[in-house]
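As written in TrEMBL, here are the features:
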| type | residues | note |
| --- | --- | --- |
| BINDING | Cys179, Cys186, Cys189, Cys195 | [4Fe-4S] cluster binding site |
| DOMAIN | 30-177 | domain 'HhH-GPD' |
Amino acid sequence: MNRRLAEAFPHVYCELDFATPLELSVATILSAQCTDVRVNQVTPALFARYRTAADYAGAERAELEEYIRSTGFYRNKTNSIIGLGQALVERFDGEVPRTMKELVTLPGFGRKTANVVLGNAFDVPGITVDTHFGRLVRRWEWTQEDDPVKVEHAVGELIPRKEWTLLSHRVIFHGRRVCHAKKPACGVCVLAKDCPSFGVGPTDPEVAAALVKGPETEHLLDLAGR
């Protein structure tokens, strides 16, 4: 299935816009309960205003809240971002650390955020278990676990470590574009022959084709024989 996903999504990437590990860290914190599209609308102005960990550490709370308000839960996110800046300045000379052990000690960081940063800022393989990833691997019966850490470890035993980051992107892309939570496009899914949950969504190709989203739609429909 991973090979088939690689054919469907040959050019996967982190859909959060960033230029530095710090920017990715902040963007990932903002992405909680928020779309990447919305985060990417907010971060250009945010990153122009706050360029370093020290900038975030010394941020005036009300001003920072206004920058990120539209991402939701902005008060909690403000706490995390200011706390992140302070922790980086106090413990890591203002730089984002490169290990899971260190990253998960930072405000706003769990294993999911740490794996996003490790895989996309530092090229350290990591499995990012977001809602899409968890939903899809359970549909595929790779695991029945609900706990993200248990899902991460279960999938990690099935897939070579060097593939972890790319697999995460492929699964998330597939979840956003084809295998939707409420109405997956089963009838035009490239994994239809191998998926134990085929039929959860519409199996009629015409109906399913209308459900596919994203710029890869034509390519995905071609692969499915449409």
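Each Cβ is built from the backbone N, Cα and C atoms, and glycine gets one as well.
Just so it is clear, the model here is predicted, and its values are computed rather than measured.
Counted over every protein chain shown, other Cβ atoms within 10 Å are most numerous around Cys189 among the binding-site residues Cys186, Cys189, Cys195. For Cys179 ([4Fe-4S] cluster binding site), the same-chain residues that are 6 or more apart in sequence and have a Cβ closer than 8 Å to its Cβ are His132, Arg135, Leu136, Arg139, Ala185, Cys189, Gly201. The [4Fe-4S] cluster site is defined by Cys179, Cys186, Cys189, Cys195, and by the 8 Å test on Cβ atoms against their centroid, the other residues of the chain that qualify are Arg139, Val178, Pro184, Ala185, Leu191, Ala192, Ser197, Phe198, Val200, Gly201.
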